[in-house]
Each structure stands twice: as C-alpha cells, then as structure tokens.
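K.L.:
Can you read through this structure? Questions will come right after.
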Amino acid sequence: MNSNAYLEAQRWLSHPRVKPNLKEVITAMSAEEIEHFFSLKKPSFGTAGVRGKMAPGYHGMNVFSYAYLTQGYVNYIQSLNPTKKPLRFLVARDTRKHGALFNGIVCDVITSMGHVVYMFDNNEPTPTPLVSYVIKKYHFDGGVNVTASHNPKTDNGFKIYDGHGAQLLDFQTDQLIAMLPPVVTMLDFEPRGNNELLHFLDNEVVYKNYFDDLKESLVVDNDSFKNLPVVFTGLHGTSVKLLPRFLTYLGYSNIISVQPQNVFDANFANADHLNPESKDTWELARQYASNTKAKLMMAIDPDADRFAIAEWNPQTQDWHYFSGNESGVMVAYYKLKHKQFKRQPYIVTTVVSTDLVDKIAKKYGAFVKRTNVGFKFIGQAVNHFSKDNELVVAFEEAIGMMASDGLNREKDSFQAAAIMLEIARYCHNKGISLLEFYRGEIFGEFGDYYNWTVPHTIHGVNWKEKMEQVLHQLTTATIKEVVGHKITKIKNYVDINLVEYVLENGNWIKFRISGTEPKLKLYFNLSNGYLAALKHEAKKMHEFLVRLLNLDKA
C-alpha cells in the first residue's frame, strides 16, 4: 500500500470534521480502495465532469470534495470575468442520494465567495438539458449540476458549465485543476454560506419557456396520429414528471407511463439498470407494452439527457432498440429532406459515430463537424458554428442528441422525444415502421451500414491504467488483418485515449477508454455489403479481438 495514502486515511480517521459514519467506511476499505480514494493526486475531469463513488477521501464524492471542486470552479469562472462581481450561477441536481446535501454545499461555497446563486424552487430535481437551457436563456455566468447521469446508484458527480450552457473543455478543466490547492487542504476548508445571495427560480415560468422554445424546433407540428400508444419510462429520474407534461403540451394523448419507475427515487428501487443503451433497462417497459399492445417504447436516463426509442418488429417478433447512430441518422435524413433551412445546414457528431451521416450530408448540402467523444465537445462546436449556420442535428452514438442550436448546449431527451415521435407519425402516415424507414428508405438510398458499439468492463479501481496497457498493446501489435480484413493503417490518438484500425473499403474499428465508466469500448463501422453479412463479419472481428486482448465478455 502507498504509505502516503495510508497516512492520509489515518488523518481522516482522526479529523473532527469527518463524521463517524464516514470513518466506519474508511475502516472497512481495502488497501486498493485506500490507495485510490486517498491518493494525493488532484482530481481529474472525464467526458462529463467528475464522477465517482459516494465515499470518504479526496477522490470520493463527499461534502469535502464538492466544496473543494466548487472553489476551483468559481475561481476559474472569475478568471474569465475578472472585473465582474458578483457572478451569477445556477445550481441544480438530479434525483440521486445526497444530491440535496451536495448542492447545498455547492451553494454555500459560491455564496461564501460573494457570488449569487439561483436554484430551482424547492430544490426540485432538474433535467440536465434544462440546466443548460436556463444558463443560456437567463445569461448566467455558469452552473453546477450535481449528477452522475446513468452511473450506478452508488455514484454521484460534479458537472460544470460556462455562460453559454456548454460544458467546459479539457484545456479549461486543466486550468481549473491548476488553480486548486493541494488536496490535503480539503478538510480545512469550511465555507460559510450567505443566504442573502441565494435566490429561487419560478419553476412553472421556466418550464413554460422551455416547452414553448422546444415546440419551435419541430419541423412539422400537426395533430395527425398523436394518439399513437407509446410506453415511457424515466427510470426514477428527472424526466418522470416533466416529459409527460411536455408531450401532453404537444398534443400527445396516449403516453403510457411505466408507473413504478416514473417516480423520484434516490435508491432507484424499481430500476436495476439505468442506461437505456442496455436492453435490461427496458424489462418493465416491455411488460407494459405487452399489456397495452403498444408498438413504441421510450426510455430516458436519470438526468434526462439520454433518450432511446424502441419499436416492435413483427418480422422477428422482438423489439428493435434504435442506437444513437440510427436515431441520429434518421433525424438528419428527415430534417434535410423536409425542413427549409435559412442558413447553411450542419451536423455535429463524434469521431466514433457512423460514416453514413457523411453520405447523407453530402447529398443534401450539409457539412459535418466531428469532435472528440463527449457532448462537451459537441456543445462547444455547436456554440461556434451556430453563429453563421443552422443545426440539423448534433448526436452521439451513445443515444444522445440535440436537434436545435437555439435552446441549449446539451444532449436533450425532450428535443429527441419530440423529433423522434414526429418521425414516427410521419412513418405511420406512410404506412411504414421506423425500422422500415431506416433500413428501407435510407439504406435504399445510401447502402447498408452496420455500426456496433461493444463495451467491456475493466475491474479494479486502477481500471484506467489497465486500459491504457490495452491501448498500448493495440498500437504495438504485429497483426496485419482482423479475420481477413486488411489493416491499412493504425492511428493512435493519445490525447483522447483512442486507437483506430483503418480497414479496407473505408471500414474501421476504434478502441476507446470511457471517460465516465471503467469500460473499454469497441466501435465497428462496416459498409459495402448487405446488413446480415456486415453483422456476421463484425461478430467474427469482435470474437477475435476479445481473444487477442484477453477481455472479459461484454
């Protein structure tokens, strides 16, 4: 065990500000956990802020670490506005355990530093896209969101924004971290909040403005087929009240609520899985769909940025769960065909998203901007390009999208629900399914594509180091092909922890370390063939790579 980490753990055990329940947790920690949570390294930001297990220590999410991080964040935002004081911040939270406690600490730090804080009335759990919207709409200088998105219920997080409602980029968080004092000062910082600088928003006014602005982003808004039965689950998260209200506002009259999951619950009692990318997450929704004969289901993750849609496929007698790539492509194709753009249309997506969107953009006169993985990069790109161009869609392969550049700078499940239900109604009017629209109309025009993302969990608190070893192995491997597909080039993007195998015929495989979870993700982009054959090839490639890299099964 690292002796410094052990000594720091002892310091926490003897410190009067550390409560007895936290001391019990420290006492029960393994040597590996002590080394992780009590490391003297400064914290690091992932693709969506700082996330981690709620635990004592410099690298656990606790009242001390939130105060420490907030102090650095406020100093950074002040450095961008050196002559402005007080600054104005929005502070919000999701439905997770200790969220109210943690954002209370954040408020105390900000007000103790002489700045103004706005919160939602009653400290109401708030969707992440709405946080970004309010910062941008009301011209705040920044904002803090206490959320861990779809991470396990044991986790929490610290997500921060600039005055445009966009997440800070890596160079900005690097500057923020440089402003932080040594982590050993964490226990000695006692913020004294000033309630005179704390204000509350009128939630109903904010919701109305948001709904009105969202409605303006639709392509075609009429009353046809708004009685389509659609099952909805919000997984105990921040959308469970607002999303049904929003869809009712748009005129939808047959939204079927998965009631056990559509209540706030910090323990996520009726949702064992929180990521709509996982089919296991949909178990209860499938039961509701079966009982009501609904052919469409929607799932939204706990902080309401990720939206996913699934459709019953009568041919396979099973559900098809649309990926982020598939949803993003459908929105891009639909809007470019049916919307009149007043300025140059553009699409923003990431380096691991499907190449199909480039073909669509080229045919219909749009351009594509690709960013690093993480919506913080997408949001900042939209912020840049929206000045002279008009957004078609910004999307991630991991089921997140933004369909309007006028609202916010986050992936937005409300925007996604509105536009995807609009497309579903368009398909219903044509007598086709969403899947037929995607594989029939779009593939018929541009050829078949198969994009597949496979996450592999890496165990242990030192998971990042283990995965860095895997990436090194990939770049130094002597293999020339992957099950018959010649590798024409190996690209190593060290700064974003990504390795690419460029294959023949424009195909590729990419390997990336997740910035938010202990996972190595494999991305396959295959074309120039029929879908069934492409799927078969991807499966063989994956099996080969699992053996090569000695990975656990996904």
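Every residue number used here counts from 1 along the chain in the order it is shown.
Keep in mind that glycine also has a Cβ here, set from the backbone N, Cα and C atoms.
Here the structure is a predicted model, which means the values were calculated and not measured.
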K.L.:
Report the candidate from SER149, SER404, SER433 that shares the Mg(2+) site with ASP301, ASP303, ASP305, as recorded in Swiss-Prot.
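P.N.:
Record check against Swiss-Prot: Mg(2+) site with ASP301, ASP303, ASP305, extra candidate from SER149, SER404, SER433 is SER149.
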K.L.:
Determine, to the nearest whole angstrom, how far the Cα atom of SER149 (active site, phosphoserine intermediate) is from the Cα atom of ASP303 (Mg(2+) binding site).
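P.N.:
It is 5 Å, counting Cα to Cα.
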K.L.:
Give the sequence-ordered set of same-chain residues, not counting SER149, ASP301, ASP303, ASP305, with Cβ within 8 Å of the centre of the Cβ atoms defining the Mg(2+) site.
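P.N.:
Same chain, not in SER149, ASP301, ASP303, ASP305, Cβ within 8 Å: ASP94, THR128, THR147, HIS150, GLY237, ILE300, PRO302, ALA304, ARG306, SER413.
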K.L.:
Taking the Cβ of ASP305 (Mg(2+) binding site) as the centre, count every other Cβ atom within 10 Å, in any protein chain shown.
P.N.:
33
K.L.:
State which of the following binding-site residues has the fewest other Cβ atoms within 10 Å around its Cβ: ASP301, ASP303.
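P.N.:
If we count Cβ atoms within 10 Å for the binding-site residues ASP301, ASP303, the smallest count is at ASP301.
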K.L.:
With every protein chain in view, how many other Cβ atoms are within 10 Å of the Cβ of SER149 (active site, phosphoserine intermediate)?
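P.N.:
For SER149 (active site, phosphoserine intermediate), the 10 Å Cβ neighbour count is 26.
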